[in-house]
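**Q** Annotation source TrEMBL lists signal peptide at 1-22. What TrEMBL records for 47-62, 95-152 is compositional bias 'Acidic residues'. Summarising the annotation, TrEMBL assigns region 'Disordered' to 47-195. Positions annotated as compositional bias 'Polar residues' by TrEMBL: 65-78. Annotated compositional bias 'Basic and acidic residues' per TrEMBL: 84-94, 153-162, in sequence order.
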Amino acid sequence: MQAFYAALFALLLSATLPSSLGAEAAMQTATADMGVNLRRVLMTTGEEDPVPAADAEEEVDESVATGNSVTPVSTSGLTELVAEEEKSTEKQENKEEEEEEEEEEEEEEEEEEEEEEEEEEEEEEEEEEEEEEEEEEEEEEEEEEEEEEEEEEKKKEEEKTDPSSVIEPSEAAGVDEVKVQEEDENTTPALPTEE
């Protein structure tokens, strides 16, 4: 802002001087500096967008009247300023694009990692399910074996407690008597011996 006011003061001062070569030179320099400084101030404060180089040249190329003579104003400084601003803007845009691309790549990598983790979790769940099924099958087999053992034990107990399979003592004695009688019948009595 100080440079702007200084240029404005120089412009006003030159307007009060008599028309001469020195006044014309001062007028030309002050006008050019004022235009450049004004653009810088406006671009810094954000009150106005930068003017393209072509438009800036057309604006500054207008002649400035100094008394009876007309002196054109130089536009080289303003053109360079606008070109530098455009380069800076382009660099900033390129940098932002690169950062966005890097962020997108990072997001894609994170998504891929998440997908891999999900696949691993699914595989682990499938393995756990298979293990559970195997354990259930083993438990069923063990239960079947236990049932078979219980049935065998029941059969043994039934055989022990079945009355048809047990021989009572009286029946056993009758069987013994029959056997003795058969033996007696089969044997011949001994003949008396002569003395």
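Placement of Cβ uses the backbone N, Cα and C atoms for every residue, glycine included.
Note: TrEMBL annotation is automatic and uncurated.
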**Q** Can you work out which residues elsewhere in the same chain, 6+ from the ends of the compositional bias 'Basic and acidic residues' (153-162), have a Cβ less than 8 Å from its Cβ atoms?
**A** none
**Q** Going by DSSP assignments with H, G and I as helix and E and B as strand, what are the residue counts for the compositional bias 'Acidic residues' (95-152)?
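**A** For that range the per-state counts are 58 helix, 0 strand, 0 coil.
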**Q** Give the residue counts of the compositional bias 'Basic and acidic residues' (84-94) per reduced DSSP state, in the order helix, strand, coil.
**A** 11 helix, 0 strand, 0 coil
**Q** In the compositional bias 'Basic and acidic residues' (153-162), how many residues does DSSP put in helix, strand and coil?
**A** 9 helix, 0 strand, 1 coil
